[in-house]
Amino acid sequence: MGSIDATELASEKKPNPGKATILAIGKAFPHQLVMQEYLVDGYFKTTNCDDPELKQKLTRLCKTTTVKTRYVVMSEEILTKYPEIAIEGGSTVKQRLDICNDAVTEMAVEASRSCIKNWGRSVSDITHLVYVSSSEARLPGGDLFLAKGLGLSPETHRVLLYFVGCSGGVAGLRVAKDIAENNPGSRVLLATSETTIIGFKPPSKDRPYDLVGVALFGDGAGAMIIGSDPDPVSEKPLFELHTAIQNFIPDTEKTIDGRLTETGINFTLSRELPQIIEDNVESFCKKLIGKAGLADKDYNQMFWAVHPGGPAILNRMEKRLNLSPEKLSPSRRSLMDYGNASSNSIVYVLEYMLEESRKSRSMSGSENEWGLILAFGPGVTFEGIVARNLDV
């Protein structure tokens, strides 16, 4: 993690030797598209609940999340087959895991195939697999079933990251970066896949946070190919992953709490989470860019790919760092179109980042070459990567 010298800063968007790069991106979603404006009535009908107070609260939450659409695995067919999922207090963890295990594998395979197609090289060139999910639990893990579904070589080296939550996508990037840079010639497939069925429950006054999840979270999968020293003929690098760090905030382990129980996974989020992120994000960013040798870089002269945990987190970040409104546009668009999709979200944000960068380049001839990729998860854990936009 050395400093950036003057020749690097003056580069012509060529990747630095030995540094990991993102070579392709792909995504996939389940077939059920949920419009936020119809969610409340559908959810209360599905769960046979007619509590007007809870319905009013969910209506308010649906407006404040800024989410417009989301994709979900849950369907009428699933509820017909497993009606007990929508009933309060039933022991349904087995049924949920049966659904989730199949769903996350199917979505991960689809996202990975899309990514490999965009990459343009053979699946046989993949040497390593990093798989991230907080939506399944089994042994062997989803990494093996993804490798099997893609037809990866049995010699593929696999890493499995389970229950990392919303920081999982950037954690996976950090791990993939380390693998790529320490194994010359390797090509790492990073795949993320999530579904909310593991935590789907009927509304209850005893679990007010459940309504936040109903209003905010979405399902899907993402994939990226990471490798160093790209082939100039067959590969087109999108981002260079220059420097990565991870920090946890002491004594905040109960701020994001998830427990796998007989009724599925139970999540609670403390109201203090946005404040904790606001209080610590500036020092974390300074540490991150300082390690990369960019200590004097103006935040508004950088791009920002931030996990969209929710509008409150994005708003507080924007205010604390004095960011121009457009800086978090890719994150806000991802939140609006897909909800908070946990570990997948950073893939969708980076895709929007590329789209907006290309638009800016075509209209004004300029763009921000350097930027930060950030996510926050259980711990409270901060994940960050200093990255370069190499897209041409």
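Including glycine, each Cβ sits where the backbone N, Cα and C put it.
Here is what TrEMBL records for this protein:
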- 12-230: domain 'Chalcone/stilbene synthase N-terminal' (DOMAIN)
- CYS166: active site, acyl-thioester intermediate (ACT_SITE)
- 240-389: domain 'Chalcone/stilbene synthase C-terminal' (DOMAIN)
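In the predicted structure, the domain 'Chalcone/stilbene synthase C-terminal' (240-389) carries a mean pLDDT of 94.
Around CYS166 (active site, acyl-thioester intermediate), the same-chain residues six or more apart in sequence whose CB sits under 8 Å from its CB are HIS307, GLY309, ASN340, SER342, SER343, SER345, ALA375, PHE376, GLY377, listed in sequence order.
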